[in-house]
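Here is what Swiss-Prot records for this protein:
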- 1-10: topological domain 'Virion surface' (TOPO_DOM)
- 11-31: transmembrane segment (TRANSMEM)
- 32-40: topological domain 'Intravirion' (TOPO_DOM)
- 41-61: transmembrane segment (TRANSMEM)
- 62-74: topological domain 'Virion surface' (TOPO_DOM)
- 75-95: transmembrane segment (TRANSMEM)
- 96-225: topological domain 'Intravirion' (TOPO_DOM)
- 199-215: region 'Interaction with N protein' (REGION)
Amino acid sequence: MSNDNCTGDIVTHLKNWNFGWNVILTIFIVILQFGHYKYSRLFYGLKMLVLWLLWPLVLALSIFDTWANWDSNWAFVAFSFFMAVSTLVMWVMYFANSFRLFRRARTFWAWNPEVNAITVTTVLGQTYYQPIQQAPTGITVTLLSGVLYVDGHRLASGVQVHNLPEYMTVAVPSTTIIYSRVGRSVNSQNSTGWVFYVRVKHGDFSAVSSPMSNMTENERLLHFF
């Protein structure tokens, strides 16, 4: 009889909460699937909020489980303590790497938990940032009728062939990688063509050049922090 009552309670609980969990999980699916900056800034902001809240939420739950099971279930205490320490370490690592990346690139993309590297392109006095997963060996820049694309992603319009930079940079938490222009095939008449950049050096450099500086482009890119 006790087992029947337990089963009945579980079925009743599922009936009462099934619709609510269905709605919550559907919202999570929409946020995770369409939470990209180019699709919807609202969903992207919600996605970042969920990711940022997961660390303190899991940490709080782990600490509570450790306290609740203290002196009654040491297996749960050990597991909860391990989860709390692991979450705290990952949280600290996130802030440390994000700060190091922000120190180089000076963009809010550095605080995105999904971003490991940022491509920095300066054209016509404007700096453009592109989040990527890892630093590439080479970067391909395409110019189609004055529209600038970096590895297939549109960055700017109204760009002429002579406006293309001599250098590009990619910032990662541990270093800044500088890419130099090594080859190109362009048509100046219709502002169409491609330019290829390869990495030439890396170090503790700023990934962002300052358009207000009187230094040359080369000097701006290579100045130390």
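Each residue, glycine too, has its Cβ placed from N, Cα and C.
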Q | Sequence-remote partners of the transmembrane segment (41-61) [C-beta within less than 8 Å, at least six residues beyond its ends] | A | 28, 30-32, 34-35, 83-84, 87-88, 90-91, 94, 112-114
Q | the topological domain 'Virion surface' (62-74), counted residue by residue under DSSP: helix, strand, coil | A | 8 helix, 0 strand, 5 coil
(Q) Averaging the per-residue pLDDT over the region 'Interaction with N protein' (199-215), what integer do you get? (A) 69
Q) Under an 8 Å Cβ to Cβ limit, what residues of the same chain, 6 or more beyond the ends of the topological domain 'Virion surface' (62-74), are close to it? A) 80-81, 83-84, 87
Q.
Across the topological domain 'Intravirion' (32-40), what are the DSSP residue counts per state (helix, strand, coil)?
A. 3 helix, 0 strand, 6 coil
Q) Taking a Cβ cut-off under 8 Å, which residues six or more beyond the ends of the topological domain 'Intravirion' (32-40) line up next to it in the same chain? A) 46-48
